[in-house]
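A quick write-up on the structure given underneath.
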Amino acid sequence: MSILSVLWDPFASFGFMRRALVASMTLGMGAGPVGVMLQLRRMSLIGDAMSHAILPGAAVGFLLAGGLSLTAMGLGGIVAGLGVALLAGLVSRRTQLAEDASFASFYLTSLALGVLIVSARGSNIDLLHVLFGTILGIDASALCLMGGITTLSIALLSIIWRPLVMECVDPGFMRMTGGRGGIYHMVFLFLVVINLVAGFEALGTLMSVGMMMVPAATARLWTRRLLPMMVLSAATGMAAGLIGLLVSYHYGLAAGPSIILTCSVLYILSLVVSPAGLRAGRHVHETS
Amino acid sequence: MVAAAGLHDSAVRHIMGTDRMGRLHTMIPDTTAGTIRLEDAGAIMGGQTVWRHVTGSFRPGSMTAIAGANGTGKSTLLRAILGEVPLAHGTVTRGGLGPRDFGYLPQARIIDRGFPISVTDMVLGGAWQQTGLFGRADRTVRLRAANALHRVNLDGQAQRMIAALSAGQFQRLLFARLLMTDARVIVLDEPFTALDAPTTQDLLELVCEWHTQGRTIIAVLHDIHQIRTCFPDVVLLHDGQATWGRTPDILTPVILQRAYGGTRDRWADMPS
Ligand SMILES: Nc1ncnc2c1ncn2[C@@H]1O[C@H](COP(=O)(O)OP(=O)(O)OP(=O)(O)O)[C@@H](O)[C@H]1O
Ligand SMILES: [Mg+2]
C-alpha cells in the first residue's frame, strides 16, 4: 500500500469519512481562533464549563423533538449555554466569587442534569451519542449547520476584532473613554457557545471543547502575535482532524477521541520542540 | 489664610440631573462649558466615609494636583470625577463634557501585559474614538501614532510586543496612547510612580505641554516638590476633607504637617 493510498483511500471509498473530514476541518477552523481568545482572556475553565452547560439544553431539545434532532438539540444547547454565561456573569458581579469559580459550580450541576434528562427518556446509545458525538454519522444538514456556524464565527470575530482586543488588554480604558466593552464580551461568549454547539454533534459535549482549547494552547507555543496565533490554532485543529480520522480508520479506533488525542500529541510535541515550550528552560510560560 | 474648600471658585452653580452613577445628563450654559465642579460632594467606600463636603471646580485649562497621604481618597476623588464611583451626597457636574472627553490613567492597572498586542496597535487603540471601533486606521492616524511614540521616546519599540517592554517603557506607551485620545481633560493617578528621574522629567514635560495646549489636567501626585514647581492648583485631602486652592497657599508647612504628620521643620525645610 502506497503512502498516497493510505492518505487517500479512506476518503475516496467512504462517504461518511469524507463528511467526517469536512466536519472536523470546519470545526477546527471555527473553534481554533475562538479558543485562542478564550485562553488569552484566561477563561479556559469557562469554556469547559460552557460545554457542559450545553448538555441539559441539548437534552431538553432531545426530549421535545423525541429523538436525536440536530436543530432542536442545537437550539437547546445555545439557549442553555448563553443562559449559563449570563447567570455566571451575574453571580460573579453580585458576589465576591471570581467568574471562573462561579462557572465551575454550574458545570457539574449542568452535566448531572443533562445526563439525567437524556437517560430518563433515551437509550444508553442516545446518551453515548450526546456525550461523545457521532462524527462518523454526520449528515449533510449537520455539515451545513457546522459550516454556517464557522462562517458566522469567523465573520463576527473579524468584525469585533479591534474592540474585543482592546477590551481584553485594558477593559478600564475602554470603559473610561466611553466604549461599551461589555457588549463585545457578550458577543464573544456567544461565539464560544455556538462553536461548542457545532462541535457537539460530532464530538459530543465532553470533547467539543477539546477542539477549542488544545489547538489554541499549541498555537500559543509557536508565536507571540495574535493573528498568526489564531491561524495556527485553526490549522492545527484541521490537521488534527485529518490525522485523527486516518489513524482511527487504519487502526480501527474511535474517531472522535482519535482527533482530540491527535490535538494532544501535537500539543505535547510542540511543548518539547517549540521555542516557548520546555526548551525555554525554567522560564514559566504563562497560560491560564 | 486658606478656606477649607472652594477658595478661588466663582463658577455659577447649576441645578442639574445626574443619573445613578453621577454621570451628567443635562447640558449647561456656555459660560461654564468644560468646568468640572464638585458641589458639597461626599464619597463612601466600603461603608466608610472617605471624604465629605468637598466643593470646588476644575476649570477648563486648569492644572490641578491632588495630594494627600495614602488612603485619603485621592483615587476615589478621580473616579468620582469620572463618574466611576457614585457620590454619597452632593453633585459632580462636568460642564457638558462626556466620557469621550476624558483621558484617564488609572493607578491600579488591570492591563493584561501578557496579551499579544504590539506597541503600535496599543497606541492605535487610543484613537478608537476617531477611527471608530471597526474602521481601519488610515494614514493620518498611523502618522499620529508614530509621532506619539516618537514624543515618548519609543520610536524603536513600535513593532515589539507590549509584554517585552520594561515598566518605564510601558508607562511611556500609556502616555502615547493618551496622546492619541486627544482628550480635553486628562486625569492621571500617580503617573510617575516607579519611574526613574529622566523618564519622570520627560513625561512631566509632556503633561505641561498638554496644559499649554489648554487641556485640563488633574493628577494625583506624591512629590510635593513636583507639585510646587508645575501645578498651579492643588487639592489636599486629609481627615476626610479637601483643602482646595492655589498651590503656594495650600502647601505651607502648617497645612502639610496637618495632612502628612511629621514635624513642621521637615516641611519647612523642603525646597520650594
Ligand atoms: N473598593 C473599595 N472597597 C472598600 N473600600 C475602598 C475601596 N476602594 C477604596 N476604599 C477605601 O477608600 C479609601 C480611599 O481609597 P483611595 O484608593 O481613594 O485612596 P488613595 O488616596 O488613592 O490612596 P493611595 O495613596 O494609597 O493610592 C481607603 O480607606 C480605602 O480603604
Ligand atoms: Mg490611589
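Just so it is clear, glycine is given a Cβ too, placed from its N, Cα and C backbone atoms.
According to TrEMBL, the protein carries these features:
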type: TRANSMEM; residues: A:20-38; note: transmembrane segment
type: TRANSMEM; residues: A:45-64; note: transmembrane segment
type: TRANSMEM; residues: A:70-91; note: transmembrane segment
type: TRANSMEM; residues: A:103-120; note: transmembrane segment
type: TRANSMEM; residues: A:140-161; note: transmembrane segment
type: TRANSMEM; residues: A:182-200; note: transmembrane segment
type: TRANSMEM; residues: A:230-252; note: transmembrane segment
type: TRANSMEM; residues: A:258-278; note: transmembrane segment
Relative to the transmembrane segment (A:182-200), the stretch among A:20-38, A:70-91, A:230-252 with the most Cβ pairs under 8 Å is A:70-91
Original post:
Can at least 3 Cβ pairs under 8 A be found between the transmembrane segment (A:103-120) and the transmembrane segment (A:45-64), with each pair 6 or more apart in sequence?
Top reply: yes
If you count CB pairs under 8 A between the transmembrane segment (A:258-278) and each of A:20-38, A:45-64, A:70-91, A:140-161, A:230-252, the winner is A:230-252
With the greatest number of Cβ pairs under 8 Å to the transmembrane segment (A:45-64), the stretch among A:20-38, A:70-91, A:140-161, A:230-252 is A:70-91
Contact set of the transmembrane segment (A:140-161) with the rest of its chain, CB cutoff 8 A exclusive, min separation 6+ beyond the ends, reads 19, 22-23, 26-27, 29-30, 33-34, 37, 70-71, 74, 184, 187-188, 191, 194-195, 197-198, 201-202
